[in-house]
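For A:88, A:123, the entry in TrEMBL reads Fe cation binding site. Annotated Zn(2+) binding site per TrEMBL: A:94, A:97, A:131, A:134, in sequence order.
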DNA sequence: TATCATATCGTAATGGTTACGATTTGTAAA
DNA sequence: TTTACAAATCGTAACCATTACGATATGATA
């Protein structure tokens, strides 16, 4: 998902294009990994003095709903990243910088065989640790 | 992990055995699935009027540290269950009742092959949905 | 049974998130 | 281009799970 696609998606859903919304997209495009609401607020405050929590959280939820962002919970805090739409995969997540590496392995087909009569709605497979760069730092 | 093992484990680590600590163990043994701090407080208040948050959370953390409980985060709230010590496995978790079913599949060996130079510290593989009982209810 | 480290209490503080009335601003129609 | 209005944002308070702390009570050991 890139910025142009995201703006198009918002328009399709009838949402307005505002400066802040564009800046939020820019932030996540540059981030290339998971970021928190706090990270985003810090970024936006450079351009907008006194940005409202309401604006930040409302847009994060909106973006998540329409599929621009995906989210995961780490240490009691929600983290967001640009959605990878192309195909199903999972992530290695660096605990230090938040950057992710795609993992192609998904064991769900195998798992489904062992879960007769269970209604599977969702699954989460994440690997945590330090990326090569952050090990050196 | 059963209650006797857990109490033994606490003693080994030099922690005292109190009525509340035993009751917390009873709660989780009967629970047979993931429960929140709130659930536990509700249970303890039946026997102890005005139980302190401090007591509840301190003991939950303690139990997690010594390996009596394992924990996961669902919907922004920490959930705890008795630790399954016997072997490495993952869980299907029912969104309704919190009960779990063990999943023997673990794709980490395969994943490790694709993560050269990454320092893997941890991983999470969980399946969410409704168990057979909760689908009927 | 005396001692003392540990456990608990009562409650306030913290941190992330949500909510809301008032105000501003894109957008599309006139 | 102006108007009209729904949507977006602001400023701030409330919410909820969790953490923290000084004072008090209580298991465990000697």
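Even glycines carry a Cβ here, placed using N, Cα and C.
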> Listed in sequence order, which of the binding-site residues A:88, A:97, A:123, A:131 sit with a CB under 8 A of chain B?
Replying inline: A:123, A:131
> Which are the residues of the chain, A:94, A:97, A:131, A:134 excluded, whose CB is within 8 A of where the CB atoms of the Zn(2+) site average out, their centroid?
Replying inline: A:95, A:96, A:98, A:99, A:130, A:132, A:133, A:135
> Looking only at A:94, A:134, which of these binding-site residues has the biggest number of Cβ atoms within 10 Å around its Cβ?
Replying inline: A:94
> Which of the listed binding-site residues (A:88, A:123) has the least company, meaning the fewest other Cβ atoms within 10 Å of its Cβ?
Replying inline: A:88
>> I'd like to know which of these binding-site residues, A:97, A:131, is least surrounded, judged by other CB atoms within 10 A.
In response: A:97
> Just the number: how many Å between the Cα atoms of residue A:131 (Zn(2+) binding site) and residue A:88 (Fe cation binding site)?
Replying inline: 22
>> Measuring Cα to Cα, how many Å separate residue A:123 (Fe cation binding site) from residue A:94 (Zn(2+) binding site)?
In response: 20
> Could you tell me the C-alpha distance between residue A:97 (Zn(2+) binding site) and residue A:88 (Fe cation binding site) in angstrom, no decimals?
Replying inline: 23
